[in-house]
């Protein structure tokens, strides 16, 4: 019977919320008058006013909710703690601090007294508004109201300090937390680890990681992932690899994030041989298949790893596995494969990938254009002109960086007249050139006037002449 009444109450709140949203803020007073008039015949004061209060809060109308709360106080109805916590969260989100403090003051003198939940909501709200000093003061105030900061309270403050770049203060709060007899959670340590690694302070991060194990807490995959990522970002690839081996040795199962960090880290900062060995070992050991539901990001990183080692066969195999996992390649997938073939000067293969991209209904982006154009310019410039014309017919307008690349290649290969011709064609379609574009075309004009072979040697040293 209790659950049936409670379900009916929730239904009533949903209906009132829908009605309030429907009529708009300008006519909500009519809803209040209608529900309050003769309500005693079928509902209590608390039931009607609480339904209205939550109805307004559900649609984010804080001012109207405060007016209903005023009526509750006037008729002697005591609002519920959970309702007040929701209202405080709403008011903090819109920055109405005056109403928050008045509401908090009324709770102290009129009831209900603030609880741990009330303080946590206020601390979280002020932290989100970057008023961490106020949040810290609220934590110190909690014991006066028979409330004790819990793991949620400390985690909110620690996270706010870390986000604000005050990692040392976050560590002080961790020590205060332990002294107060509150046991840190895995989220507590992961937050501080992430902040230290983001700052590049992997030495302190490693000390904290070791300390976690000393107090009997087993690091989870998130902690290992955070520290591994930190080591990769400071280019300590060997330490990251050792940490991964420790992770497997201690029976902590890698997840998709682990795999992305490993492949991405070796791709950016490691040696080609190490990346190739990691990819092969991962496939043979089943790590890739063990990852729970690999996402598109995982596949793209893996394909990028194979492309970096010039193993386009391996990249194609992973590309084909995407379909068996129920995933469709995205623009990044195609761009990565095209870039791999361009690096190997296999432009025919790159063009095939471009055709597949278009056939899949994916619109080429600037990266597609730049990748193909750079590869074709390094191959045969005539192909670059054909490719540019083809994309212009498709309605794809290159950006200024791409255009400058094409124009500079004309000058670099001793064809300044074509740079001027293409510059004129692009000007006819209202293309916006930048200062570099005009400098290149000005140089092209001077090259036509002077000894092209003499100027070419010095021009190749310019910004857009580097291949």
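Positions of Cβ are set from backbone N, Cα and C atoms, glycine also.
Secondary structure counts, DSSP: the repeat 'PPR' (45-79) has 27 helix, 0 strand, 8 coil. Per TrEMBL, the feature repeat 'PPR' maps to 45-79 (among others).
The repeat 'PPR' feature in TrEMBL is assigned to 115-149 (among others). Same-chain residues lying 6+ beyond the ends of the repeat 'PPR' (115-149) with a Cβ under 8 Å from its Cβ atoms: 81-82, 84-85, 88-89, 92-93, 95, 100, 104, 107-108, 156-157, 159-161, 164, 166, 177, 180, 182.
Under the heading repeat 'PPR', TrEMBL lists 150-184 (among others). Same-chain residues lying 6+ beyond the ends of the repeat 'PPR' (150-184) with a Cβ under 8 Å from its Cβ atoms: 116, 119-120, 123-124, 127-128, 130, 132, 135-136, 139, 142, 191-192, 194-196, 199, 201, 208, 217.
Residue counts of the repeat 'PPR' (185-219) by helix, strand and coil are 26 helix, 0 strand, 9 coil (DSSP-based). According to TrEMBL, the feature repeat 'PPR' maps to 185-219 (among others).
Within the chain carrying the repeat 'PPR' (220-254), a Cβ under 8 angstroms from the stretch's Cβ atoms is held by residues 186, 189-190, 193-194, 196-198, 200, 202, 205-206, 209, 212, 261-262, 264-266, 268-271, 274, 287, 290-291, all 6 or more beyond its ends. TrEMBL lists 220-254 (among others) with the feature repeat 'PPR'.
What TrEMBL records for 295-329 (among others) is repeat 'PPR'.
Over the repeat 'PPR' (330-364), the average per-residue pLDDT in this prediction is 89. The repeat 'PPR' feature in TrEMBL is assigned to 330-364 (among others).
Helix, strand and coil residue tallies for the repeat 'PPR' (330-364), in that order: 26 helix, 0 strand, 9 coil [DSSP].
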